[in-house]
Each structure stands twice: as C-alpha cells, then as structure tokens.
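Peer 1: Would you mind keeping the following structure in view while I ask a few things?
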Amino acid sequence: MTQGREPLTIMDGNLQTDFSTKTKRGVYLSKGLAFVIFVIFALALVATAFIVYNFAACPRTDQLANVTKFELTNCEQSKLLVIPLSTENSKIVVESTTSHVESTTKDDENAVTDVRLPTNIRPDRYYIKLTPYIFEGNFTFDGEISIIITVKNKTNKITFHGVELTFHRIELYKKEDGKEIKIIRKTEDVPRQFHIITTAESLIAGQQYVLNISYTGILNDNLHGFYRSSYEEKKVKRWIAVTQFQATDARRAFPCWDEPALKARFTISIARPSNMTSVSNMNIIGKEAHDTLKDYIWDHYAESLPMSTYLVAFAVTDFGNMSDNNFSVWARKEALPSAAYALDIGPKILKFLEEYYKIKFPLPKIDMIALPDFKAGAMENWGLLTFREIAMLYDNGVSPTTAKARVASVVAHEIAHQWFGNLVTPAWWSDIWLNEGFASYVEYVAVDAVEKSWKLMEIFILNEVQSVFKLDALTSSHQISVEVSNPEEIGAIFDKISYGKGSAILRMMNHFLTDDVFNAGITDYLNAKKYGDAEQRDLWSALTNVAREKNAFDADVGVVMDSWTLQTGFPVLTITRDYKKGSITFKQERFVLINDTLNENNSSVWWIPVSYTTASEKDFKSTRPKLWLRGERSIIVDNISISENDWFIANIQQTGFFRINYDQRNWQLLIKVLNNPSRFEEIHPINRAQIIDDAMNLALSGRLDYKTALDISSYLFHERSYVPWKAGLVALGYIDTMLSKGAYYLEYKSYVLRLLSGAVQDLGWEVAMNESVVRAQQRADLLSTACHLQHVECLEHAVRLYTNWMLTPNPDAYNEIHADIRSTVYCVGVQAGGAREWRFAWDRFLMASAPSERELLLSVLGCTRAPYLLYRYLDLSLRNDSGIRKQDTVKVFSAVASSSIGEPIAFNFVRANWQRLKE
C-alpha cells in the first residue's frame, strides 16, 4: 500500500502498465479488476510461503568434502535427505523418511536457553588422532576420532557437540560384534552447537557402540579451542598450535560430549613436524613416522584417567624445556631461563598439596607451559598446565619482586585444581564457584606454607575479601551458585564473585569448623567422589559428617553455607552495646552501597559466625565463633564480660564475610586506641585493616558519619604495616575520585600527604637486597600514591630517573631503574612528558621480550595526559600489526580508563568503535 492517491502500477522491466481509471478526484477500480488483483496478490503470498517453507523447514546439512548431490523438486522430497556423504567407501546409508525434522537457525539463537545434551548416551573412551598444519596459508587440522559410547536409554538418535568442524565420514558400529549400524540422517542444531545423527534401528540400552568420525577443523586465532599462536625469535616469526577448552571449547577441536559431568578416558595421538615437539595430558608411550606426511612424526600418549573434556589439552611447539623428576616447564627457548622459579616452587607446592589433601597426585607427570597468547591467566588441564607468560615466567632483575608472588600464587592455584576440579569435577557450571573458590583459597594456604616470610594469608584479606565487598555490595551482584545454560552465560560466571567470594566463604568455613575438621572433610569428599562429578551439597554433607564425628559443630554445614551461596550479597552486622546493663545487641541486614526501596524490603538473613575480643582480652589468635546468628535478624547477648570503657572488636582477623558497624561510643574507643602511637598495635594488623575499610564504606553507604571514618583514617600517620595501609589507600580512593574535580581537592591532598609522609620516608627509593614481597608491594603502592598526589620530591625523583633512562645510549640493554619502582617512575615520566616521552615508552614496549616489562609498559602508556595519544593508543590496540596481542587489548582499555582524563576517552572510543570491538 502506498500513501496518497497515485495510480496503481505494475513494473515489468521498462514496461509500466496502468490499469487505473483516472478522474479529477483520484483512482477508481472496477469490481472485476479488483478481484483479479486480489487473486494475484493471494497467489503471490502462497508462492512466497512455499519458498520460505522450502528453505526454512529443511534441516541444515553439514558441509562435507566430496558430497553427493541430490536435486530435489520440493521440500517434501528434500526432507528425506539431511546428510550429504562422501561417495567413496562410505559406510553410511541415506534412507528415505517421511518424518519431519525441525532445524534451528541463527535467528533462533537468542531464544535458546537450554543447551544440555540428552542423557540417553554417555561416552566412555575417546581415541583421538590430530594432524595440525602450522604454516601460513593453511592453519587447519585433520582429525580422526573413535568414541566408545554406552546407551543409557533405548534411542535412535545420538547427539553430541561440534563447532567449526567439517565432517568427512561418520560410521557407527556395535562394539560387541562389529555390526554396522546404518545412519539415515545427520542434522546440526547451530544455536546449541549440537550434531544429531539418526539411525535406522534403535540402539539398545546397556550396549556399547563405536562412533567413528573423520573431520577437518580450523586452527583459529581467537584464543579458544585448538588455536594458533606466534612469536618472534631473532626477527623470525614462529608458529605454534595450542589449546584452551574451558568452558565449552573442546567441541572446536573434536566431536565430543562437552559437559563437565560426562567424563571419559582419552587416548591421544598428535602428528607434528619433526623439528617441533608435542605435549599433552599424559606421558608419551611411543613415536612413529607419519604414513603420508614426509616430515611429520606421530606422538602417541598413554590413556588418561577419567576426566572432563574441558581438561583435555595438547600443544605443538618448538619450545625448550627443563625438568625436575616428573615435573617439567616449557617456554620459548629465549625465555626458558625465566621459568626456573616456576620449576623450583612447583614441586614444593605439589608435595605440600599431596600432604594437605592426603591423596597422592594420580598422574605420572606434570608439565607447565608458558604461552605467548593465552586468553586466561592460566588453565588447570590435568597434567598439562597452561599459562600466560606473565603468570609463569619470573626474570630476576627485570621482573618486580611482586611478580614472584604472582607466579607462585598462579602455579599454586592451578596445582590445587588437580584434585579440586580435576579429580572431582562440578556436575554443572552452576557450581563452578566451588572449583574456582577452593583453588583461590588453597593457593594462599599453599604459598603461605612454602614461602612463610611473605605472610600471604594477610594479603588474602585485601585481594579476596575487601576487594570483593565492593562488587558484592552492588544491587547488580549475583549469588555464588547461579543457574547457567548457554556458553555465554557460562563464561560470564568466571568472575570475582565466583573466585573471590567463593574463596572468602570457604576460609570462613575453615575457621568455624577448624583446620582438623575442614581438612578431613575435604579428603573424605575427594575420596568419595574421585574420578566423578559432584555438587556443592556433596561437600557440605562430607563436612557435616566429620564435624559431627568430632563433636566440633552441631549444625548442618549445608544449611549454614546455603545462606551464603544461594543469596546475593552479604550482611553488615551492627553491634550496639548497652553500657549500663552490659548487654550487646547483634543485628544483621544486607549491606548495599546505595540504600533503596529494594533493600528496605530485603528479607535476606545469613548464618553468621561471630568471633570477638575486648580490650582486656586482646585475643586475636582465636578465630572460632563464640556465638552465632542462626538466620535470625537480631539477638541480644548479656553474658559477655566487658568493662564499659573497653573497646569491643568482632570478626577476628576478618574471617567472616561481612562488615561490622558499632555504636558511636565503641567507635570512639577504637579511635582513641588507634590514634595512640604506643597502643595501636594492640589490635591485629588484619583487624586494623578491617576497621578502616569498614568505617569508610559504612560512611559511603550512609550508615556512619564521615567525621568518624576520617578520624579512624588519621591513625595511618604512624602505621607502618602494609595491609592496613593498603586498605586505607583503597578506601580513601573513592574520596579522591569524588573530590578530584572539586574545590576542596587541595585540602584532601594535604591531608593524605601528611598521613603518607612518615611511611614514604621510611620506605624510600632504595631497594634492599632480597627484600620481602610485602615490603616491595608497599613501596610501590605508597610511592605511586605520593606521586599521584603531586608530592614534589616524589615527582622530581621519578622524572629524573626516567629522563636519565631516555638518555642512555642503549636503553633496552641498560636500565638502572630498579624493577620494584619502575611502575611509578615510568608512569610519572610519561605523565609529565609529551609525545617524545610516550613514544620512548612505546618503543621500549616493542623491543621488550620479558613478559613483566611488556605488561608494565602496556599499563604506563595509559598514564599520558594528552588525549590524542590516548586515542592513538586505543586505536593501536585493535590493529593486528601494532605489536599488541589480542589477549592484552583489555589491559590497554583499562590503562586508559584508569585516569580522569582517559575515562571519558575510553568510553567514547568504545561507543564509536563498537563494531570493530565486536569483530
């Protein structure tokens, strides 16, 4: 229909036929002509519907090599054919069927919510042979796979996963007698990433069958599945092929049942060029020449223990390696010496965790490999741990001291997974928090045991408790255990809530159960579920049983922990003392940064373990709870012995995942002791950090006045311990942001610089030999803050060091700036300078080979105040030829957005380049 009263015309090429009768007032049609037009229109609709049905109703067919072509006149005939096949030596027969098969298309993708596989088939064993072609112009791989499957329920359909795989041949046999089973249909459900084959006869429950598939895949450059990576050595580009399958990308490398509970045994063979090596989950048991490729060799690996598909891994590289008995590290030959520390600490952590779990590591070896391109920080593939280079390589003298702690922590995290995650695996991704939370907790326990002087359990409070509070206090947070369905949702839950909050509540449970009960329960759980899958209730059950056996805890652990895992957020516990009667009221409510009507009506309550001490006791060692809020909104306790002039502190060593608020008088008692230079250390450093972090965030949420919070922060003038200082700097950071563009920022700067003066003077710029990790981190944080607040001496010293480095004849070979202070010096140098200083840092980035130096330079390039340089930097991060790897693009945006100048620039760039970012 068109608007107005113009003649109705039918266009046929250049011919225009006018069927209308013109009058002065418009267009009129006779009844007969109108009927003819109506009939033509109806026939056009029918024809269109037929065409749409012909294409849309027919299932999508695989793209196979040498397909048999069938010419069909309409969709009723074409329904019988949904699998094109190889015409040569094919064992699959296509038969006619009149049943309708529904096909999903990309248009349905947004509607897909359930991506779970049918439960009628279970894989038992995979035999995989892969031949990757690692050279430009090809970047594909050929695969042959035989899968032994067991039928659980009678069916004539086999559904499995596969993405970006081109199938050449599919065969199905009965394992018992080798009888061929005819396959009559093969369809692909694209949104669910399913392949579905239909057999001519029903598969019998309890019987085993062998599914053979030959196929070709892509060595992609998207850092998932079986992908390609490259690096330069002596200006020669070298290619490697590696894997990253978690969470749902094993299906990009081989057809499989790609769900964590569907464990199977894997026998893998990798064909690789003779000048390269391969490595996989298990040990090599044989080698032989490739039968068709002259310069290729087959590496055959031992059969694995039962494991999930996402833990399968293999790599084909030209790397070098170093070994310590059954423990080996792999890296670029040029970078291999930097893997020495990982090789030193890895076996120590493995030994500690064998004793911690009381279960021997079940595989014959462990390999750790540092990869130039890697999407995650590291991955716990069973027996083959893969790392981003920065997470595994430590170069003494080039890497900062803190990088040593990072390597140790990441190595410990991945080794912890070898039991908790690999030996026992979550049944579905909704319980991934248990996997990641436990490894995030145990990494601190393990490193604290191996590197005792670092006191990493104190750092845990900063990294895994207080930092998570900030996210979990938002109304947009989510519960730890969350239902997920499609791959996008699964990927989204690998976040700070799953890792950080998960580890924090496990630490809380450890403390209220005691080490003895906690460790015994973990061992029982692992032994009961090994080589299988589990849900969080299985762990709660094991811990409850041990606790009751040892008379250590009278409640059901599941009831306690469900209040923490199945609810969003965390509580603030308000403690109000009646100083005349001596009673104390404990009241809980959900803590949110922005109080709104939603929170006012929130009925969430938690089981809260409350440990405490008083000024007369000063017992900061006992972290077991002395009382509980058992899902109660509030309780009144009148049997606590405390003088009215004594302070009261709850949540010893911040073992509980909740904030504490006090009545005003108790806050004043804490202010008095903290601001006394001779008495503030009566309070444990973790609790000092807790008090300042709680006070500042309570003020931010409107539960405490800012005068009280700032009175507490003023004690930092005589504080020298790192953990309270870091907590204070982070808490004050919000005020810094809010005041930075206002009239009173000068007063704020003066206040914080006065607090910093003593600690900065004590630390200085000179770094001692063998300095502790904690002291190195404290120096970096305090100097960075001092320069940020334009401390004159700090700025002058940093600029002088950076300028001297620029004047060095060979700055890439000679850099006298100590690695522990480079972050501050580089950032100030770039910030205070212009294009010349920025370009110098950019050139150093392009020339740097040490991962820690490259990562540092990526961050400091965002320190410039010149908008055009920031825009240029963001644009470079999206260019393939810039030298910035895909894995580092996010780091560039983070570096730019971290300043008040760069934040709107980054946001505007994202909006203006959204399509480029998506691609």
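Including glycine, each Cβ sits where the backbone N, Cα and C put it.
Since we're looking at a predicted model, the values are computed, not measured.
Positions annotated as transmembrane segment by TrEMBL: 32-56. Annotation comment: TrEMBL describes 123-311 as domain 'Aminopeptidase N-like N-terminal'. Feature annotation from TrEMBL assigns domain 'Peptidase M1 membrane alanine aminopeptidase' to 341-564. If you look up TrEMBL, you'll see H413, H417, E436 marked as Zn(2+) binding site. TrEMBL lists E414 with the feature active site, proton acceptor. Look at TrEMBL and you will find Y499 tagged as site 'Transition state stabilizer'. Summarising the annotation, TrEMBL assigns domain 'ERAP1-like C-terminal' to 647-918.
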Peer 1: Sort out the sequence-distant neighbours of H417 (Zn(2+) binding site) for me: same chain, 6+ apart, CB within less than 8 Å of its CB, listed by position.
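Peer 2: Listed in sequence order, they are E380, N435, A439.
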Peer 1: Over the domain 'ERAP1-like C-terminal' (647-918), what does the predicted model average in pLDDT?
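Peer 2: Value for the domain 'ERAP1-like C-terminal' (647-918), mean pLDDT as a whole number: 94.
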Peer 1: Counting Cβ neighbours within 10 Å across all chains shown, tell me which of the recorded positions E414, E436 comes out on top.
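Peer 2: Counting every other Cβ within 10 Å of each candidate, the maximum falls on E414.
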Peer 1: Looking only at C-alpha atoms, tell me how far E436 (Zn(2+) binding site) is from the residue listed as 'active site, proton acceptor', rounded to the nearest Å.
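Peer 2: It is 10 Å, counting Cα to Cα.
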Peer 1: Sequence gap of 6 or more, C-beta under 8 Å: which same-chain residues meet both conditions with respect to Y499 (site 'Transition state stabilizer')?
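Peer 2: Set apart from Y499 (site 'Transition state stabilizer') by at least 6 residues yet with Cβ under 8 Å, we have W433, E436, G437, S440, E464.
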Peer 1: Looking at Cβ-Cβ distances, which residues of the chain lie under 8 angstroms from H413 (Zn(2+) binding site) while being 6 or more apart from it?
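Peer 2: Once residues fewer than 6 apart are set aside, H413 (Zn(2+) binding site) is near A378, E380, A439, S440, V442, E443.
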Peer 1: With an 8 Å cut-off on Cβ distance to the H413, H417, E436 Cβ center, who else from the chain surrounds the Zn(2+) site?
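Peer 2: Everything else in range on the chain: E380, E414, A416, F420, G421, N435, F438, A439, S440, E443, Y499.
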